[in-house]
Amino acid sequence: MNGNCYLHRPSSIGILACELYIPSIYVDQSSLEAYDNVSKGKYTIGLGQKRMALCSDHEDICSLCLTVLSRLLDETGVNPQEIGRLDVGTETLVDKAKSIKTVLMQLFVEHGNTAVEGVDNMNACYGGTAAIFNAIHWIESSFWDGRYAIVVMGDIAVYAKGNARPTGGAGACALLIGPNAPLVFEPGCRSTHMTNVYDFYKPNLSSPYPVVDGHLSVQCYTSALDTCYTQYCTKARTHIESHSGTVSTDEINLSTFIGIVFHTPYVKLTQKSLARLYLNDIVRNCSYLPSNVIEKYQYLGMCAGSDDKDLERELIQLSQELYEQKTLPGLYFSQNMGNMYTPSVYYSLFSFLSSKPDAEQLYGQRILLFSYGSGLASSMYSLVCQKVQESRFTLTQLQKSIRRARHILDHERTELAPDLIDKLLTEREKNDHKVPFVPSQPIEILKLGDIYLKSIDKNYRRFYEKFHADDTSMNKNKDIQQLYTQYFHDHQMNGST
């Protein structure tokens, strides 16, 4: 980018390019149901999940972020000198003082660039959204020097053995942010709701597991959704009026958007969330709704509680077509990877974009996003898809990057049996914050170019290396599940597991 760009107010700020990290191992949720001896369909139908991604001991939050950032720079051809800000969003902490962003700086220092603003953003699953907002605000400010911003977000979501474990997952993504983008964050169209609750939190700094009040968390999510949607509709209409100079007759409702995506701790919640927004539109007497629906339900008002299961089922049925058109296409990654915490809503966005075979279908269309982080912090905002002329960053290029990730998801992962997953997570818990530490699980799960954790020394300093084809052992052609089976057998025989 031209260093003099800061003399002119930037416009159409948004996502220029993206790169997604897909962990190489997963467990099938139906197999997990049988292993956990729960009713068939509890995870696959009750939660709406198909597979859950997991990480080996060669992967930590820093390695995921290093890999996805390195690949973004390689794939886009952006010189690290062209980056002026780097924000990280995560709740997977490995240090209470040293930010993950400082670890990522090794990719810039080697290119002579230390003038990179930004550090980590942390508030449960909302940290990635906060990081994006910071990047946008920097580009809009007088401090912008004409360079790009990058946002990296990722998490490894693990739970103690029990009912919550199937809602885990892992993932990371890196987004290049700048002006003249194919995915524009719509100016003025953003609402926020924040308050103090204890629905999900991690007070035990010696444990990777959260304290969760599941029922309260769903109530908080629903309340935040209602509040943000009401604010958003008002702000968006005001924005339209201020730009047109006249009182707008355009109504903001679910029909306004080609896609509606949510933070997705589990897929079933998104169906309930879309139904909740549908109820909001009923109460507002939105014109696209059938008159008989409004007559039947409008009297309820927004005081109708989320605990009314009969009402919830009716609203889900009434909004089914909208859900299948606008939300379901955005759930492919979440269904097959699980809860990714900070990048969750963005994987939903990318899944939706990749579901459209032709970028022409998206030009001029708006996508609504709802980001939620327990504690709580939430925002609702919209993106506009635009055709970018004479640019290296286009919607078609974005779709290509996402489809590469979907190919890895579908064809380059290894399924592990639930008993192996159980042992893997037990070992992960045992080794959490252990020093010195050298990963010992099968390295063959890594993909060419992955940056992995090589060791942690006695002073807790972490060291990383890039994985090359010749790094694999003589077992590289063996079945990964067989290698893990042998690995845990050997550890058990040695008394170390």
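Here, residue 1 is simply the first one shown, and the rest follow in order.
Cβ atoms here come from the backbone N, Cα and C positions, even for glycine.
The active site, proton donor/acceptor feature in TrEMBL is assigned to E91, H263. The active site, acyl-thioester intermediate annotation in TrEMBL covers C125. Marked as CoA binding site by TrEMBL: N163, S217, K268, K272. Marked as domain 'Hydroxymethylglutaryl-coenzyme A synthase N-terminal' by TrEMBL: 9-182. Among the features that TrEMBL reports, domain 'Hydroxymethylglutaryl-coenzyme A synthase C-terminal' is placed at 183-465.
The structure, with features from TrEMBL marked on it.
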residue : record                                   : Cβ within 10 Å
E91     : active site, proton donor/acceptor       : 28
C125    : active site, acyl-thioester intermediate : 31
N163    : CoA binding site                         : 14
S217    : CoA binding site                         : 20
H263    : active site, proton donor/acceptor       : 31
K268    : CoA binding site                         : 15
K272    : CoA binding site                         : 20
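Between K268 (CoA binding site) and C125 (active site, acyl-thioester intermediate), the C-alpha separation comes to 18 Å.
On a Cα basis, E91 (active site, proton donor/acceptor) lies 7 Å away from C125 (active site, acyl-thioester intermediate). On a Cα basis, H263 (active site, proton donor/acceptor) lies 15 Å away from E91 (active site, proton donor/acceptor).
Maximum intra-site Cα distance, CoA binding residues N163, S217, K268, K272: 20 Å.
The distance from the Cα of K272 (CoA binding site) to the Cα of H263 (active site, proton donor/acceptor) comes to 12 Å. Geometry remark: N163 (CoA binding site) versus H263 (active site, proton donor/acceptor), CA distance 20 Å.
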